[in-house]
Amino acid sequence: MAPRLGIFLLWAGVSVFLPLDPVNGDQHLPGRFLTPAITSDDKCVFPFIYKGNLYFDCTLHDSTYYWCSVTTYYMKRWRYCRSTDYARCALPFIFRGKEYDSCIKEGSVFSKYWCPVTPNYDQDRAWRYC
């Protein structure tokens with residue numbers, strides 16, 4: 001009885017951790033057993049459109065890890081984001097009709113420095129904290 005139980009436990013353990021299906025960028029990735037990996041050397045394209053939404057930065061939409069499209073219109077070509085991929089401040093920029101050349105606190109609910117990721121915040125309203 002003990003050898004059979006040992007073989008069963010070994011089989012059950014291997015079955016849990018064995019990847020059974022290939023994964024591509026069009027699927028929702030279960031984050032429990034996967035770690036982020038770069039899928040290609042292509043660069044992120046910002047802004048990009050995914051499922052009708054415009055993204056100016058890496059996103060968690062339909063994923064456990066931040067990712068980006070490598071085409072302007074998402075066509076199942078994507079990769080996980082690296083630290084160098086996230087949106088950068090667009091300096092100088094326009095906010096409430098005035099031009100700025102550095103991060104500002106003006107307009108911040110939490111009094112934190114921020115900047116837009118496009119040259120005209122008034123038009124695009126895409127921003128990030130500095």
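Placement of Cβ uses the backbone N, Cα and C atoms for every residue, glycine included.
According to Swiss-Prot, the signal peptide annotation covers 1-25.
Taken from Swiss-Prot, the feature domain 'Fibronectin type-II 1' applies to 39-83.
The disulfide bond annotation in Swiss-Prot covers C44-C68 (among others) and rests on sequence analysis. Around C68 (disulfide bond), a 10 Å sphere centred on its CB holds 24 further CB atoms from the protein chains shown.
Among the features that Swiss-Prot reports, disulfide bond is placed at C58-C81 (among others). Counting every protein chain shown, the number of other Cβ atoms lying within 10 Å of the Cβ of C81 (disulfide bond) is 19.
The domain 'Fibronectin type-II 2' annotation in Swiss-Prot covers 84-130, and the record cites sequence analysis as its basis. Summed and averaged per residue, pLDDT over the domain 'Fibronectin type-II 2' (84-130) gives 92.
In sequence order, C103, C115, P116, V117, R128, C130 constitute the residues six or more apart from C89 (disulfide bond) in its chain with CB-CB distances below 8 Å. Among the features that Swiss-Prot reports, disulfide bond is placed at C89-C115 (among others), with the record citing sequence analysis.
In the structure as shown, the Cβ atom of C103 (disulfide bond) sits within 10 Å of 17 other Cβ atoms. Taken from Swiss-Prot, the feature disulfide bond applies to C103-C130 (among others), supported by sequence analysis.
When the Cα atoms are compared, C44 (disulfide bond) and C81 (disulfide bond) turn out to be 8 Å apart.
In this structure the alpha carbons, written CA, of C68 (disulfide bond) and C58 (disulfide bond) are 5 Å apart. DSSP assigns C68 (disulfide bond) to a strand.
Close to C58 (disulfide bond) in the fold, though at least 6 residues off in sequence, lie C44, Y66, W67, C68, C81, D85, Y86, A87, each with a CB less than 8 Å from its CB.
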